[in-house]
Amino acid sequence: MKSITVICFLALCTVAITSAYPQEPVLADEARPFANSLFDELPEETYQAAVENFRLKRATCDLLSGFGVGDSACAAHCIARGNRGGYCNSQKVCVCRN
């Protein structure tokens with residue numbers, strides 16, 4: 001049983017190392033056609049409204065609550081955004097302080 005576990009662990013490590021191996025760098029000019037988004041297609045007024053109302057979905061509190069680090073991860077996320085910290089509210093949504 002131990003040998004099967006070791007073999008599976010080594011196979012997992014091999015897959016992780018080979019998938020992390022760097023590929024050829026992609027030039028910005030080559031990547032631009034693939035990076036088109038909805039924001040590129042909008043008129044200027046609609047673009048401004050979309051940027052103002054754009055909200056990233058937060059999964060920090062909900063996913064990490066099982067490990068007991070939900071509030072800490074939320075606070076670290078908010079500090080990285082330039083706020084003073086944050087907390088998870090009762091609905092498992094990260095709320096950043098100003």
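Placement of Cβ uses the backbone N, Cα and C atoms for every residue, glycine included.
Annotation source Swiss-Prot lists signal peptide at 1-20, citing sequence analysis.
DSSP assigns Cys61 (disulfide bond) to a helical segment in the three-state reduction. For Cys61-Cys88 (among others), the entry in Swiss-Prot reads disulfide bond.
In the three-state DSSP scheme, Cys94 (disulfide bond) falls into the strand class. The disulfide bond annotation in Swiss-Prot covers Cys74-Cys94 (among others) and rests on sequence analysis.
When secondary structure is read from DSSP and collapsed to three states, Cys78 (disulfide bond) falls in the helix class. There are 20 other Cβ atoms within 10 Å of the Cβ belonging to Cys78 (disulfide bond). According to Swiss-Prot, the disulfide bond annotation covers Cys78-Cys96 (among others).
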Cβ-Cβ neighbours of Cys61 (disulfide bond) (radius 10 Å): 22
Cβ atoms near Cys74 (disulfide bond) (within 10 Å, other residues, all chains): 25
